[in-house]
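Asker: The signal peptide feature in TrEMBL is assigned to 1-30. The transmembrane segment feature in TrEMBL is assigned to 240-262, 306-333, 339-360, 372-393, 413-434, 455-475, 481-508, 520-539, 559-584.
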Amino acid sequence: MRLEAPIQRSSVDALWVCILALCLLPWTEGAVKYKTGDKVTLYVNKVGPYHNPQETYHYYTLPVCRPKEVRHKALSLGEVLDGDRMAESLYDIRFRKNVDKQTLCQLTLSETEVEKLREAIEELYYFEFVLDDIPMWGFVGYMEESGFLPHSHKVGLWTHLDFNIEFNGNSVIFANVSVKDVKPVPLEESGGVEPGTGDGGIKVTHSYSVRWFESPLTHERRAERLRDYSFFPKTLEIHWLSIINSLVLVILLLGFVIIILMRVLKNDFARYNVEEDGGCDDLDQGDNGWKIIHTDVFRFPPYKSLLCAILGVGAQFLTLATGIIVMALLGMFNVHRHGAINSAAIVLYALTSCVSGYCSCRFYTQIHGQHWVWNIILTSTLFSGPLFLTWSVVNSVHWYSGSTQALPVSTVLLLLAVWALVGFPLTVIGGIVGKNKAGSFQAPCPHGSAHGHRGFLPFSAISVELYYIFATVWGREHYTLYGILLCVFAILLSVGACISVALTYFLLSGEDYRWWWRSILSTGSTGIFIFIYSVFYYYNRSSMSGLVQSAEFFGYSMLTAFVFSLMLGTVSFTSSLAFIRYIYRSLKMD
């Protein structure tokens, strides 16, 4: 069975067309118009354990009714990345035509196939169908455990499905599938089913019914209907208490930085500016604290290229995260468009590569870095390298297990082409522009050439919201509270900046001028707490299990923590640098 992404080109020009198409895809959805009696294609998609969202397999891997020739739907890049593998089904659904009970097919299941179905039902396998971009979910079968002595273990297969479809005018609004008022076919060891051909198999007859209902909602508002209904339990709600708690934390921190630090600085300025004619050298006589090390504060740190690469990639992800949230607030991600955010994230990552190259190489040149070419290469691989290694391990596990999360070769080549022909060149272009526009490093005092973790406070500002984000990413919720997410994101950056400024001041007051790397680690270490929380979430807040789900969860959780470290480290360093420049410029050093 060959599965391919619909986008595959060889030339550079064609690739740019693909990128443009990917940009427009998430929000260019048009209503499909039907006439009475027109065929409405139902696609079967995937199955998998209920508690392992990322462990999914193609629906036709189960012994179910399938056409002689399986024809797959052309998928977007985001859908492929989301594990979708849609294929046409045997269900004959006609627009506004009710069907009482139609036989789909008759199957004779061997003992091996019966055992495969039994294992799937015992692992709570669910299926996903798609009709007019509307997902429908249901369980493959039914399982009942009762009693202790005697113990009862019943396993049944749902062989009849009821499709309930809502329409408005000539378009489909909503659809779901149910099995109420239907008895499952038992699959116990003892039988209870019609004998097959004598080889120990059983015969089953699959059937379906279709009911059409008129809806008052228009096609433009049909997303509301899908948000109101969920096959999976809803856990997301507006959580104002956590937002208020985070806002109070930000106000307290801002008050600490603005009132306490400025009061201390005011006293310091008054003490060290007694003599109006005192120059920068006068501070060396009998002084202590951050004034005595003014000539060392801007001494360039070791590993300049790595530091600048971190700042560049961090700035890129800050731009990317802000862009995704703003696009979501503008309604560009329709819940009916599978994988829209995945497509947008990949496109934005490639297009914002120029930001990382520009910020990294510009600052690297300012602090007298000599090997700017290697700096650009380091910047372009700082995240893409760990991402490729993590993906290689996770994708190998998915490929070994036969999961649909394993990417087809064509999709892998497309992603590599996007990075090699778009992302990397833009990083180089941004680096060259940054190098040429670098200028000189603005330091109030002379400079030369020449760690503690405080990430818990920024983590505490997002800890509650982090649960809802995890429930979305590692669950099946449709996250819609993007306004709150933007507030929490702003709170996180504000707390990180305040913590960095405070810790940098205390560091300099202790006559320690090595603030460069420590300012990055001060709030960049928040990523460590995020990963620790992800471990806690996996074992205490979810029911996920198994090698496939564990590899996906922990692999990409480490990458998520790394991304947060890069973003917060960039905010932390920038805030500390601005603060240091301010306090030294405030001294009378003429």
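Glycine is treated like the rest: Cβ placed from N, Cα and C.
Mind running through what each feature is packed against?
Answerer: Among residues of the same chain six or more beyond the transmembrane segment (306-333), those with a C-beta under 8 A of the stretch's C-beta atoms are 26-27, 340-341, 344-345, 348-349, 352-353, 355-361, 363-364, 367, 369, 375, 378-379, 382-383, 482-483, 485-486, 489, 493, 516-517, 520, 563, 566-571, 573-574.
Under 8 Å from some Cβ of the transmembrane segment (559-584) lie the Cβ atoms of residues 265, 290, 294, 297-298, 310-311, 313-315, 317-318, 321, 382-383, 386-387, 390, 442-445, 455, 458, 492-493, 496-501, 504-505, 508, 515-516, 519-528, 530-531, 534, all in the same chain and six or more residues away from its ends.
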Asker: Near the transmembrane segment (339-360), which residues from the same chain, at least 6 beyond its ends, have a CB less than 8 A from one of its CBs?
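Answerer: Here the qualifying positions are 19, 22-23, 25-27, 76-82, 84, 308-309, 311-313, 315-316, 319-320, 323-324, 327-328, 332-333, 375-376, 379-380, 415, 418-419, 422-424, 426-434.
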